[in-house]
Amino acid sequence: MDFTENEEEYEHWTHIERRVPFQGYRTYVASTYISFNVVGFVINAWVLYVVAPLLFAPAIKVPKSILFYIFALCVGDLMTMIAMLLLVIELVFGTWQFSSMVCTSYLIFDSMNKFMAPMIVFLISRTCYSTVCLDKTRGEKAATLKYAIIQFCIAFAFVMILLWPVFAYSQVFTFYMNPNSTAQEVTVMRKCGFFPPPQIEFWFNLIACITSYAVPLFGIIYWYVSVPFFLKRRALTTLVASSSMDAALRKVITTVLLLTVIYVLCWTPYWVSMFANRIWIMEKKSIIIISYFIHLLPYISCVAYPLIFTLLNRGIRSAHAKIVADQRRRFRSLTDEASSQIRTAIRTIPGTKMKKNEFLTRTEEISSDKIASEAVSEFREGLPSQTSFPDETLL
């Protein structure tokens, strides 16, 4: 099968789109992507359901900045899951079905969340360190919603600048196969891809790896590990209960281990494969399948982050439970009030009132007749029978 990209040669030919049967390894890869996509939608929707009401709720002990970062993680994940649907469609049909603009948008959303998610986790670890270990002024500043939005906007702008090659070198590539010169027909297959010049690709991957992998990993480990040391030092100088201090230390250590393990397992293969592509050409089917599953690992980590932060934070769960209880109580009071108003409205209807009065009058009449009838019966039962009188008594 001959492949060529000479578009001018086949410009006026009849293009026949190549339809690849949905079978083989593409079936397993697409099924895996669809499964993780569904799980990602469910998990992020649940986290949004828990976190979003707390973002503007008063008197919440959890820092608003952390709530905002978790909210931003979920929104970014949902956008990435929507973009993943385009990749699934390409896997099913075997060719890209959309325009070049949609292709660029897909690659931007895909790359943006892969860079933004580690940075947001980096900011969360910094916020936890600031609120626990730094002085009160800086801790309160780091916990504010305004400060979190400013930091997020700076990180977002940095990522957009970093992604300029994706804007410049993303396009839909058309491959021409099996040309028929007699009928002037050619089979075409389209693929959405990011293919910059080799030098730009190398420096882009290197800078992206440092800024969105190495630096966040170092920051997450450093700031989270600093918290238990600070708590331990404070326990030695203050009268803090050992049980509560041990619980806090266990919680921090669990968070650090989970984040680090997920981060290393999901992101290390991804960045290794990005640089390995310059050495090995992916032609074997097994290598292509492995690359698809490696590409899936960052999606898994992005889904895991908001779930970990929500489940391990007791303050978020208790605050959400309180809001849900208040909403149920408010709904119950509204229901009771509506029922009371309906009953009042029914009582004030004139026709209903007259019928009710007539019913009461009729009931009273029946009761009076019944009472009179019972009294007469009792009086008659108290008198002797006429047949029992002697004859001499009759006058």
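From the backbone N, Cα and C atoms, a Cβ is placed for every residue, glycine too.
When Cβ-Cβ distances below 8 Å are used as the criterion, the transmembrane segment (38-58) is approached by residues 64, 67-68, 70-71, 74-75, 77-78, 81, 145, 299, 302-303, 306-307, 310, 316-317, 319-320, 323 of the same chain, each at least six residues removed from its ends. The transmembrane segment feature in Swiss-Prot is assigned to 38-58 (among others).
Feature annotation from Swiss-Prot assigns transmembrane segment to 66-86 (among others); the stated evidence is sequence analysis. Residues 33, 37, 40-41, 44-45, 47-48, 51-52, 54-55, 60, 98, 102, 105-106, 109-110, 112-113, 116-117, 120-121, 123-124, 127-128, 143, 145, 148-149, 152, 192, 299, 302-303, 305-306, 309-310, 313, 316 of the same chain lie 6+ residues outside the transmembrane segment (66-86) yet bring a C-beta within less than 8 angstroms of a C-beta in it.
Beyond the ends of the transmembrane segment (89-109), by six or more residues, the same chain brings 17-22, 26, 29-30, 33, 79-80, 82-83, 163, 166-167, 170-172, 189-192, 194 to within a C-beta distance below 8 angstroms of the stretch. Sequence annotations record features per position, and here Swiss-Prot assigns transmembrane segment to 89-109 (among others) based on sequence analysis.
Taken from Swiss-Prot, the feature transmembrane segment applies to 148-168 (among others). Remote same-chain partners of the transmembrane segment (148-168), defined as residues 6 or more beyond its termini with a Cβ less than 8 Å from a stretch Cβ, comprise 64-66, 68-69, 72, 104, 107-108, 111-112, 115-116, 119-120, 123, 127, 194, 196, 200-201, 204, 207-208, 211-212.
In this structure, Asn180 (N-linked glycosylation site) is part of a beta strand by DSSP. According to Swiss-Prot, the feature N-linked glycosylation site maps to Asn180, an assignment based on sequence analysis.
Sequence annotations record features per position, and here Swiss-Prot assigns transmembrane segment to 202-222 (among others) based on sequence analysis.
Residues 114, 118, 121, 125, 205, 209, 213, 216-217, 220-221, 224-225, 227-228, 231, 294-295, 297-298, 300-301, 304-305, 308, 312 of the same chain sit 6 or more residues outside the transmembrane segment (252-272) yet have a Cβ under 8 Å from a Cβ within it. The annotation transmembrane segment is assigned in Swiss-Prot to 252-272 (among others).
Annotation comment: Swiss-Prot describes 287-307 (among others) as transmembrane segment, evidence class sequence analysis.
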Under 8 Å by Cβ from Asn180 (N-linked glycosylation site), counting only residues of that chain that are 6 or more apart: Val186
